[in-house]
Amino acid sequence: MSQSPKVGFVSLGCPKALVDSEQIITQLRAEGYEISGSYDGADLVVVNTCGFIDEAVQESLDAIGEALTENGKVIVTGCLGAKSSASGSNLIEEVHPKVLAVTGPHAVGEVMQAVHSHLPKPHDPFVDLVPAAGIKLTPRHYAYLKISEGCNHRCTFCIIPSMRGDLVSRPVAEVMLEAENLFKSGVKELLVISQDTSAYGVDVKYRTGFWNGKPIKTRMTDLVAALGELAAQYGAWVRLHYVYPYPSVDEVIPLMAEGPFKGHVLPYLDVPFQHAHPEVLKRMKRPANAEKVLERVQKWREICPDLTIRSTFIAGFPGETEEQFETLLDFIREAELDRVGCFAYSPVEGATANDLDGALPDEVREERRARFMEVAEEVSANRMQRKIGKTLKVLIDEVSAEGGIGRTAADAPEIDGVVYVEPAAKASKRYKVGDFVSVKITGADGHDLWGEV
């Protein structure tokens, strides 16, 4: 029997791009292609790119160039594939004219067509080798679940809609089937992602779908409840990311705090507030009522005292005054957000914010970002200290002779903190990657925790 054709794969960018990569690799394996771990062992290479900020664009272009140098046969997909150069031509084809094909994001069919054109699929694929959950690039015990593509917002600093298009929600039955297959495969934590999780179903007017004969509206609250019910059957977690602060978010908080989904729909919200001053938010084309946001945060915590709120912000946006920046710092102190990231504003080619007046010097933007993070880290450290002495449920991510490393309900992988657990030899019971263990917290800093099983 002839040897199966081999495809190399490079995946860059955010978790949503990672899911695109997983879907492409799943289809490749389903058709009998093998995935090569090296350039020289591959018959061709697929590069999934990011094009959100200038650094990501350069990283993607460099990765394409490296793949061309090391292999020579390269197919490009992802957000950068939808980006034009200053001359109006495709940026990738202009910089790297030797690539075999270029597609935009979430284009599994187009990528497979390009692969077929340059590397025909084998006649006898081993379909049974592909698990129902698909091929995942994350560790076996957690996975990302993408529920929609695109975004209907037109934030002035963002070009995602120009690359990924308007919101397109996945059918609820399709989402639930993928979630079930993931839980069956041993996944202990599902991280729900999209460009705008709160808007799930807006594009289909919240139509009713069916899962195992049960009606479920294509709507965030209904989907989260269904996922929570499913997660409870497997003793697993569901974590919500990219939750735009719509009023509908208020309906999800009780699912985290009480009833059958408590402990499965995690008390964790990733909400991108971006700023707190109404004038800056207006220039960003974001919701512009910080006082109402503070009231909602307080209400959420009254309903769900264990709630962890993560958010991201932009410092040094065009036109931002020192007074407006101080308003942002006051908001961080008063809201007491648990996990916070901040970017110094950086112009993105194609973003309408580039046309705004009041651009700030690089040193001012960076200085404000640094001041922001000082305040945010102080707030985080104070909140982390309150956890000392508590016993928390921890999902183990790593185990070594030095002990275990895991995460609580307050910690998403890659972006939040971890819990350093005492060495396994001293633990009251053995544990392995993917296990849930109860850990008594003995120490904390501004980011991480230490504890004993």
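Cβ coordinates come from backbone N, Cα and C, glycine included.
Swiss-Prot annotations:
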| type | residues | note |
| --- | --- | --- |
| BINDING | CYS14, CYS50, CYS79 | [4Fe-4S] cluster 1 binding site |
| BINDING | CYS151, CYS155, CYS158 | [4Fe-4S] cluster 2 binding site |
| DOMAIN | 5-120 | domain 'MTTase N-terminal' |
| DOMAIN | 137-382 | domain 'Radical SAM core' |
| DOMAIN | 385-453 | domain 'TRAM' |
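CYS79 ([4Fe-4S] cluster 1 binding site) carries a helical DSSP state (H, G or I). One way to see the shell of the [4Fe-4S] cluster 2 site is to take the Cβ centroid of CYS151, CYS155, CYS158; the remaining same-chain residues with a Cβ within 8 Å of it are HIS153, ARG154, PHE157, ILE159, ILE160, PRO161, GLN195. Each residue in LEU12, GLY13, LYS16, ALA17, THR49, GLY51, PHE52, ALA56, GLY78, LEU80, PRO105 lies on the same chain as CYS14, CYS50, CYS79 and has a C-beta within 8 Å of the C-beta centroid of that [4Fe-4S] cluster 1 site, without being one of the site residues.
Among the binding-site residues listed here, namely CYS151, CYS155, CYS158, CYS158 has its C-alpha nearest to that of CYS50 ([4Fe-4S] cluster 1 binding site). Across the structure, CYS158 ([4Fe-4S] cluster 2 binding site) and CYS14 ([4Fe-4S] cluster 1 binding site) are spaced 14 Å apart at their Cα atoms. Within the same chain, the residues at least 6 positions away from CYS155 ([4Fe-4S] cluster 2 binding site) whose Cβ sits under 8 Å from its Cβ are GLN274, MET284, LYS285, ARG286, listed in sequence order. Ranking the binding-site residues CYS14, CYS50, CYS79, CYS151, CYS158 by the number of CB atoms within 10 A of their own CB puts CYS79 at the top. Each residue of the domain 'MTTase N-terminal' (5-120) gets a DSSP state, and the totals for helix, strand and coil are 53 helix, 24 strand, 39 coil. On the 0 to 100 pLDDT scale, the domain 'TRAM' (385-453) averages 87 in the predicted structure. Under DSSP, the residues of the domain 'TRAM' (385-453) split into helix, strand and coil as follows: 4 helix, 31 strand, 34 coil.
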